[in-house]
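J.: Below are the features listed in Swiss-Prot for this protein:
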| type | residues | note |
| --- | --- | --- |
| REGION | 1-24 | region 'Disordered' |
| MOD_RES | 16 | phosphoserine |
| CARBOHYD | 48 | N-linked glycosylation site |
| CARBOHYD | 85 | N-linked glycosylation site |
| CARBOHYD | 123 | N-linked glycosylation site |
| CARBOHYD | 249 | N-linked glycosylation site |
| REGION | 351-370 | region 'RCL' |
| MOD_RES | 361 | phosphoserine |
């Protein structure tokens, strides 16, 4: 039997092309994941009684984009704060990685209902470098707008209208206040409402207790389903781990810590562990109770990223000469808002289709009725779309 050398070679080149296509964002994914965990720990450290919810991908994208206009320390600080090691990855590859990532997330045929945007707002007196505007548009599909910050109310209205329009009215009044001396502001938003591959029955949802802490219990609508789930108890994390797929290449991973093990879980989570979970398909029967919730997070990134060492860009010593050559410029305000709805829905018609054979043994009852942590991962790129913690589902 003679190998067909042509065919073999053709196959080889084909796979290498395929790898190239996927390799750029693979290079940035571990950094994004570690950035997600550092940011999460930072927020958890500030308060253990509030919900946490943010989009690592979205924040990192906004600041990688901003780094295009920065120089010197301001520049390296941003990329290092996002967990990139510039001795290991050339900067061009970082931007290529984000470009691929955005391309994947914004595919028009995607069933993922994900809306994300970055708006840069500069005072009308600032003359912006053309190259910066081009890069922002070309690499990051974003826009820079000229506003009159001296008229604070009008500027605020313009920024909020941009976000409201971009999120189809889901996020209103994002910016509550602006300093009079603002010359440069960044807003970054992301909104997601996914559909489960396997929906829950609306009729099964019942009000149940959720134990916020030892002293506090609240009533929440609890979705319930007895079925086959990708769920298991992880000894290393002392937690139940549940993976649930959304239509359109996203997976939610929920972590329910054993009694008193929440902090242990928060400290132990790593990119490698998450990768292992995603590779492991481990279906078993369970009686699942998961709260229905709408969760939002709004963060002043100046404070949050400051704790991760990104401070220069917000200070008078900022070097944003790639944005404007006129006068010294600093970023006065950076706001991030993330919104997620978790409900029973799958595809509208799929309601009655799932008849599952449940094994005879008694399935464990897994109730997410106390604080839990969750991540949402985009399957193709393995990147963390969202990370959060639900301490109190009724918290507005």
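Placement of Cβ uses the backbone N, Cα and C atoms for every residue, glycine included.
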J.: Would you mind listing, in sequence order, the residues at least six apart from residue 123 (N-linked glycosylation site) in the same chain with a Cβ closer than 8 Å to its Cβ?
T.: 146, 147, 148, 149, 150, 182, 183, 184
J.: Please list residues from the chain of residue 249 (N-linked glycosylation site) whose Cβ is under 8 angstroms from its Cβ, counting only those at least six apart in sequence.
T.: 110, 112, 378, 379, 380
J.: With a 10 Å radius around each C-beta, find which of these glycosylation sites (48, 85) has the fewest other C-beta atoms nearby.
T.: 85
J.: Neighbour count, 10 Å Cβ-Cβ cut-off, for residue 361 (phosphoserine): what number do you get?
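T.: That number is 8.
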J.: Average pLDDT across the region 'RCL' (351-370)?
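T.: Mean pLDDT, the region 'RCL' (351-370): 72.
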J.: Could you round the CA separation between residue 48 (N-linked glycosylation site) and residue 361 (phosphoserine) to a whole angstrom and send it over?
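T.: With the alpha carbons as reference points, the distance is 38 Å.
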